[in-house]
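Asks: Below is the structure I would like to discuss, written out as structure tokens.
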Amino acid sequence: MTASCSSRKAPPYRSESPFSSRCFVGILLVALLFLLPISSDACGEPPRYESMRLQGVPKPSYRPGDSIQYECRPGYQPKRPSLPTTAVCQHDSMWSLLQEACTRKQCPNLGDPPNGQVHYPNGSILFGSEAHYVCNVGYFLIGPSILYCDISGSTVDWSDNPPVCEKILCKPPEKILNGKYTNSHKDIFEYSEVVTYSCDASNGTDQYSLVGESKLVCIGNDKWSSDPPQCKVVKCVYPHVENGMMVSGHGPKFYYKATVVYRCNEGFKLNGSNTIICSANSTWDPEIPTCIKGYPSPSDEPPPKDAESLGAGIIVGIVIGALFGVVVVVCSIRFCFHKKKKRKEGIATYSAYQDKATTPAE
């Protein structure tokens, strides 16, 4: 039995029918041709305007020849003379352009309040504007300081009633124990009016000191510039410093704000502040200093050099030293160069002399 040597034939190639792809492309093109006139003829969404809005409910689409009507937005009114408010969908699928046919409504004019002024930041009283109020010196504002020109029903009006400016007045300040103030008979004090406190004479051996501000000023409606002072005995202990002395502030008694200045004896150094003050709670502020043994007297101590001037001196010294070094180096280089040059010139002269001596006469 002999095997067949003939090669196996491949199955015949089945070409894909072009009907499916070509047919699909053709149907798509035909659909686009039918849809194109429909989509290109439609106008887009109606344009928006700042002062106008579309009347009624917008339609899904508009065909050439369709028209829409605009009306003024709230807070606006038609311009005079009037301008067109109707837009038409044109054959090029574009809406006919309109100008802004409405303008802002105006709020009532506001006059300056008594003892005050009103300012308009944008220079107008039209819808959306603001009115800012301020009072003259010595008066305070009752009511809102800013009003807004806003929609009120079918028109526009200010957001609130205008404020008023009232005169600043203060009630009498508080009375104090062991003291009094000027014009205490008055029931009302006007703006910037001043009262002055003073202490009574003491019945004891120690006097009263006025602790706090002696003068109060009416600076706001029922508002004084500070709390009233106190009149009380403020007495500090005798500030003795061992191995030291008072330079100033001597006295048998030391009352409120008494000031003492110290220095130490020779051979002692001050530990603490050299100046102390009798404070309102009858204590020295800062604490009384001490004089420590084993140090030279402050008068014998050389005054300490200022760090900044010391630093400046060091910098000047460094600069001068650097300049001096540069000068020395330059001079040394020049000296060596000059010496070397002279040496070369001497050698050249000597060589020429030798050549001349050895050359035979002609």
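Glycine is no exception: its Cβ is also placed from the backbone N, Cα and C atoms.
Any TrEMBL annotation is an automated prediction that lacks curation.
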Asks: Quick test of reading the record: TrEMBL lists a disulfide for Cys291. Which of Cys264, Cys331 is on the other end?
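Replies: In TrEMBL, Cys291 forms its recorded disulfide with Cys264.
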Asks: Per 10 Å Cβ neighbour count, which of the disulfide-bonded residues Cys264, Cys291 ranks highest?
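Replies: Per the Cβ count within 10 Å, the most buried is Cys264.
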Asks: Over the span of the domain 'Sushi' (105-167), how high is the average pLDDT in this prediction?
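Replies: Across the residues of the domain 'Sushi' (105-167) the model's pLDDT averages 96 on the 0 to 100 scale.
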Asks: By DSSP, what is the split of the domain 'Sushi' (105-167) into helix, strand and coil residues?
Replies: 0 helix, 31 strand, 32 coil
